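Novice: The structure that follows is given in the form of structure tokens.
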Amino acid sequence: MSENLKDEILEKYIPKTKKTRSGHIVIKTEETPNPEIVANTRTVPGIITARGCAYAGCKGVVMGPIKDMVHITHGPIGCSFYTWGGRRFKSKPENGTGLNFNEYVFSTDMQESDIVFGGVNKLKDAIHEAYEMFHPAAIGVYATCPVGLIGDDILAVAATASKEIGIPVHAFSCEGYKGVSQSAGHHIANNTVMTDIIGKGNKEQKKYSINVLGEYNIGGDAWEMDRVLEKIGYHVNATLTGDATYEKVQNADKADLNLVQCHRSINYIAEMMETKYGIPWIKCNFIGVDGIVETLRDMAKCFDDPELTKRTEEVIAEEIAAIQDDLDYFKEKLQGKTACLYVGGSRSHTYMNMLKSFGVDSLVAGFEFAHRDDYEGREVIPTIKIDADSKNIPEITVTPDEQKYRVVIPEDKVEELKKAGVPLSSYGGMMKEMHDGTILIDDMNHHDMEVVLEKLKPDMFFAGIKEKFVIQKGGVLSKQLHSYDYNGPYAGFRGVVNFGHELVNGIYTPAWKMITPPWKKASSESKVVVGGEA
């Protein structure tokens, strides 16, 4: 069935496109348990892709959630709107009185005259006006495609403005065309955060201090994660970047362990912080009970404190006991259902684990903007070829900080933890947790998706806003996991309950029986088309 499905997906493509897309579709089998997949390459022109741009990844994903910064988009107003609140990264004023600008959108609103004569003066004025009106902790300036094409020097403008107004002004050359997807923007943001922000704070380090990286507080996820972590006794030093303040990001070097939730968007910072400050990192998963429990136990092993380990087990027992009836109900209602997932660069994997605990079988999974290591595991990184698009992103080199580098976990203990299965500086990728016969599709487009829907008839299909309504017109439940359809949180123990109830309610709604999928309707080929009779 899997091979037939791949053939049917590729059948409609012209030969050149068929050859290109073939490598993006692989099947896990007993003979090839970790097949090489083509990822992080350009989308074929003309294909309806779900990907975003480098600007969206930089401003919209990584930097945008920092709530006391003013984020100025230097470009047309449409780019600003695209990254304004649509992802639902929640935030609230720090301690009830702090700054929170996430309800605002800031743009230089470039017009045709700015493209012809340059937008530098407009950007200077915008920075000064934003400072005088809001007095933020810092300002970010984000370049869009037109800015790169006309050559506005945003780095020089930011440097000059910073001296004039007395606060940090960071410029990000994240023009949309800088990479093949939003992943390029993540990398650009990571580089600047690492070189210009982290390590600039002066707070004292606290006991059991941790950072949560790649968590953006969609629907309040970070708050639920904080509740559990603080209940155990951890100090959540900084979350990058959901509900974050600029100061907390500055003090991210004051931690003993980094937890990486979204591997794709922030693994660069995790690696660089380990090199520069000696802070180890583990891949975590706070989506689904099994993932949460495994993560909490891995954390306790890293700290190796009997009291912390004891408290970890107590909290796990308390939290599971509180939701056990719900878990039993979800399994009763969802056992044997099937799902497909096509989300982001990590979420397909994290949610697959939660679905498995409900008894839901994942048939197809893929990522929008992943790299090969997100599919196959970090062990393949040395074999990944650097192409011309990747070279658009400046590589930075970090070295151990002479004053701040420290050995948090001795090397012999690191090896011991790795042998015990703790994912220190490691991520195994999604493929390893998929069963034989499942299909992986990278950069899935609407055609691929419609074939999957028609042939596999899954009970649910998790995707983004661009795909959601196409799926539901096919009579299949779709939840979009980029912004949670106005719901959430889905992380943490309480998040499992929220997600489970929404799935059960969605699956058993009678609305799906009232929808006729497009492929079951009479063909329109013989009807009136543009230009007259067919």
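Cβ atoms here come from the backbone N, Cα and C positions, even for glycine.
So Swiss-Prot lists these for the protein:
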type: BINDING; residues: Cys53, Cys79, Cys145; note: [8Fe-7S] cluster binding site
type: BINDING; residues: Cys262, His482; note: [7Fe-Mo-9S-C-homocitryl] cluster binding site
Novice: In whole Å, note down how far the CA of Cys262 ([7Fe-Mo-9S-C-homocitryl] cluster binding site) lies from the CA of Cys53 ([8Fe-7S] cluster binding site).
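Specialist: Cys262 ([7Fe-Mo-9S-C-homocitryl] cluster binding site) has its Cα 18 Å from the Cα of Cys53 ([8Fe-7S] cluster binding site).
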Novice: I'm trying to understand the geometry here, so how far is the Cα atom of Cys145 ([8Fe-7S] cluster binding site) from the Cα atom of Cys262 ([7Fe-Mo-9S-C-homocitryl] cluster binding site), in Å to the nearest whole number?
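Specialist: Taking the Cα atoms only, Cys145 ([8Fe-7S] cluster binding site) lies 26 Å from Cys262 ([7Fe-Mo-9S-C-homocitryl] cluster binding site).
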Novice: Enumerate the residues of the same chain, Cys53, Cys79, Cys145 excluded, that satisfy the criterion Cβ within 8 A of the mean position of the Cβ atoms of the recorded [8Fe-7S] cluster site; list them in sequence order.
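Specialist: Everything else in range on the chain: Ala54, Tyr55, Ala56, Gly75, Tyr82, Thr144, Glu175, Gly176, Tyr177.
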Novice: Rounded to a whole number, how many Å is the Cα of His482 ([7Fe-Mo-9S-C-homocitryl] cluster binding site) away from the Cα of Cys79 ([8Fe-7S] cluster binding site)?
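Specialist: If we compare the Cα positions of His482 ([7Fe-Mo-9S-C-homocitryl] cluster binding site) and Cys79 ([8Fe-7S] cluster binding site), the gap is 18 Å.
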